[in-house]
Amino acid sequence: MGFWGRNSFEADKKHILVTGGSQGLGKAIAKELVLRGANVTIVARTVTKLQEAVAELSDSKIHEDQQVSFESVDLTSYESVHSMIERLPFCPDHVVHCAGSCIPGFFTELDPSVFEKQMRQNYLASVYVCHAAIRRMKEISPSYSRRILLVGSLLSSLPIIGYSAYSPVKAAVRNLADSLRQECILYDIEVSVYLPSTILSPGYEQENTLKPELVLQMEGMDSVQTCEEAASHCMTGLDRGDFLIANESTGHLMKNHCRNSSPHDNPILEYLFALVSLLAWPFYRRKLDSLVYQYALEKGYRQPSSSRNSWIFTLLLTFTQLTIFYLSLNCLIENPYRMLRNTFPIWFIMQTLQIYIQSPRPPLTPKRLLAGAASMLIGSLLISFILVAFGAPLLHDFHLTYFCALTLSVFTVYPLASTLAFNTEQWQRFLTLKSFNVIGSMQLRSWGPIIGAWFGAFPIPLDWDRPWQAWPITIVIGAFLGYAFAAIVGEILQ
C-alpha cells in the first residue's frame, strides 16, 4: 500500500506460489521463503530441474510439517495455468511471478517471432498467472495481508540497445502491476513489482551468448549481483511493503526517474533520487549514445554526422574569443611572446568546450583529449617548420615562431585531431574539402585561421615601418579574423 498504509510481509506457515522457481532468481527467492517457514510450490516447465530444486529447497526447511512441492506447467497457456491454480489443495497466500526469458539482439536482426515469444513468455505469462491467482484469492478474505509480486526488470525504466524485444514487455509488466495494485484493493491483496538489474543466473549466461558486442560493452559498466544477493534485496522490499523494489543504486534512481503514477514508498528519499536522476540522466544517456555511435562508426553501420544544435554556443564562443583577443591586442603589439604564451590556455579551454559541444559523437573523453593535445603539439612543430620555410625566424625570435604555430595548431589541428582521431578517410575528405556534412562548420573554422594567417603575412614585408608589422603580429591577427569569419559563415551554411 506504499508509504501511508504499508503492510508487513508474512511468510511463516503461508502458502506461496513461485513461478520460475526451478533456477536463478526464482529459486533464490523460493529459498528465502522456505527459510522463513513458508510452504512453497515452485512452478516451471522442466520436471528434472523442478525435482532438483525441490530437493535443494527441502534442505532449508525450518518446520517438520513444512511443504515444498512443484508443478510442471506451460505458463504461456492460460488453460494450463488456470487448471494448475484451481487444482492446488490450498489457496495461495502470496504469489511470486519470476518466470520469463530474455532474447537480446539488434531490432532489425531479430526474427519477428522473437517479439511474439517474448510477449508470451514475459507479459502474457504474467497476465495468466495473476488472472488465475486473483480469481481464486478473491474468494477468501483472511485476516493477514496477501501479496502478489511481479518480477520485472530495470530495463523497463532504462531501456538500452539490444533489448527491443525484452524492455517493452517488461515495461508492460510494470504497468500491469500499476493497474493491478489499485484493482486489488477490492480484494485486500497487495501488489509489488521488482525491478532488478543484472543478475548472474543461468539465463544471464545464455543471454551473453546472444548479445552483440556493443551490448556486452555497455553492460560492462554495470554492477552485477548473484541471485542470492538479488533475492535478499527483494525480500527487504517486501518486508517494507514497497510497491517498486530495486536492488542497487541505478535501479533506485531510474525507478524514481520513471515513477509516473506509482505510489511512493519513501517520499523524501525518492524525491531526492528523482532530483539526482533528473540531473545525472542526460549525461549518462549521452554516454550510452556515444558508445552506440562509436560502435556504428567502427563497424561501418553509418557515416559520421555533425551536431546540428550548437550554433548559438559556437557563435557565443567565437564572440567571446574575439573579444578576449581584441582586449589583448595592445599586449600583442607591445609583447607578442607574452600575449601568445598567456592566452594559449584560454584558447585551449575554449576549443575543448567547442569540441565537446559540436564534434560528432562520442563526446570528448580523456583519451580523445590526450590524443588531440598530442596531435596539437606535433602539429605546432610542423607548422613551425612551414613558417620557417616561408621566411619566419629560425634562430632569432624562434620562440615567437613556435607560439604563433602553437596558436594556429590549437585552432586547427586540435579540434580536427580530437574529432577525426586516426580516421584516414575522414582526414582525406577534410583535406579535399568534402567533409562539411561530417564535421560541419568545424571544417571552415579549421581552414579559416590558415587562410587568414596567409593573408596576414602580406603586410610584414611592406616598408610602412609600423609596430604592428613586427613578426608574427599580423599573422596572428589574420588567423583570428579568419577564424571568426569562418565560424560565422560555417554556422550560416550549416
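Just so you know, the numbers here start at 1 and follow the chain as drawn.
Every residue gets a Cβ built from N, Cα and C, even glycine.
Take the NADP(+) site that Swiss-Prot assigns to V54, Y166, K170, I199: the candidate from L25, L33, L88 listed for it is L25.
All protein chains shown were included, and the count of other CB atoms within 10 Å of the CB of G20 (NADPH binding site) stands at 26. Ranking the recorded positions L25, K49, Y166 by how many Cβ atoms sit within 10 Å of each one's Cβ puts L25 at the top.
Annotation: stretch 312-332 has the most Cβ pairs under 8 Å to the transmembrane segment (473-493), among 148-168, 312-332, 370-390. Across the range of the motif 'GXSXG' (20-24), the DSSP-based residue counts are 1 helix, 0 strand, 4 coil. Residues of the same chain lying 6 or more positions beyond the ends of the transmembrane segment (312-332) and with a Cβ under 8 Å from any Cβ of it are 338-340, 342-343, 346-347, 350, 353-354, 357-358, 441, 473, 476-477, 480, 483-484, 487-488, 490-491. A Cα-Cα distance of 18 Å separates G24 (NADPH binding site) from K170 (active site, lowers pKa of active site Tyr).
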